[in-house]
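TrEMBL has this to say about the protein:
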- 90-205: domain 'IrrE N-terminal-like' (DOMAIN)
Ligand SMILES: [Zn+2]
C-alpha cells in the first residue's frame, strides 16, 4: 500500500513518500498543499484556543513492540483496548486532521513541526483501518521522530509492528485468544480490540498463536468474505473531538466556517475536509456524533 508520511520539519520539503509508492508527483504536491493549509489553520487555532500540550514520547532504541508498551504505560492505558484513537492522539497533543478523500491512494502521514506532532488520516477507509493508520502514524512519531529520520520499507515495517502491538497488546491477546482459532473466531475477537480481521490474523500469527498454514487458511477465508478489500459490518469512522469543539464554537459565535475561510484566505471546502467535514455537519445542525462526512462538501 502506498503511504505518504513522516516529514520531519517542513511539509513542503521534508515529507517523504515510501519507497514503493505509486503516488504520483501531482498527488504528492496536492497532499503537501493540504499539509500547508493545515499548518495555516493550526497557527490560527493555537492563537484562539488552548490546545492540549504535546505529550508524545520519542524513542529510538527499543524495538517497536517495546516502544508500543512504553507509550501505553506512559499514557496509563495498561492492557486495555485502545480507546478512540483520534481522541487519544488529540488528548496527548497530536494535531489530527483529515486528508481529502480524493487522495484515496494516500492512507495517512505524519510529521513533527518544531515540538508539535501532526497526523493526517484518510477518512475514506474503514473505521478499523483508520484506527490502525492512527496507531501506525503514532509509531512513526515515536520511533522516527526528532533524531532518527527513517523512511522506506524498514520504517514501514517498524510502524506496522508498533501499531499492531499498540492496538493488540501481547499479554492481553495471549490471555484471550487460544491457539489455532478459525476465521469465525477471529471475526468475533476483532470486535474487542476494534481492529480489522486481517490485522488480528496477522497479530495472532506474529505471536505464534496461528501457524503459517492456519494463518494462510484464515486469510483466504477472510478474503472470500470481503475482509481484504474492506471491513463488512465494521465500526464507524473515528473523528476529531478538538475540531468538533472548534466547529461548535465557531457556530455559536456566529462565525461560520465559510467566513473563517475568507479570513484565513483558504478554500472553505478544503478547510472543511481537513476538519473531518465537521464544520459543514454542524452548520447544518446535524450534530457531530456520526462518522465524518467523506466527500468534498461545498459550503454555500
Ligand atoms: Zn508509514
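Cβ coordinates come from backbone N, Cα and C, glycine included.
As a summary of secondary structure, the domain 'IrrE N-terminal-like' (90-205) carries 61 helix, 18 strand, 37 coil according to DSSP. When pLDDT values are averaged over the domain 'IrrE N-terminal-like' (90-205), the model yields 92.
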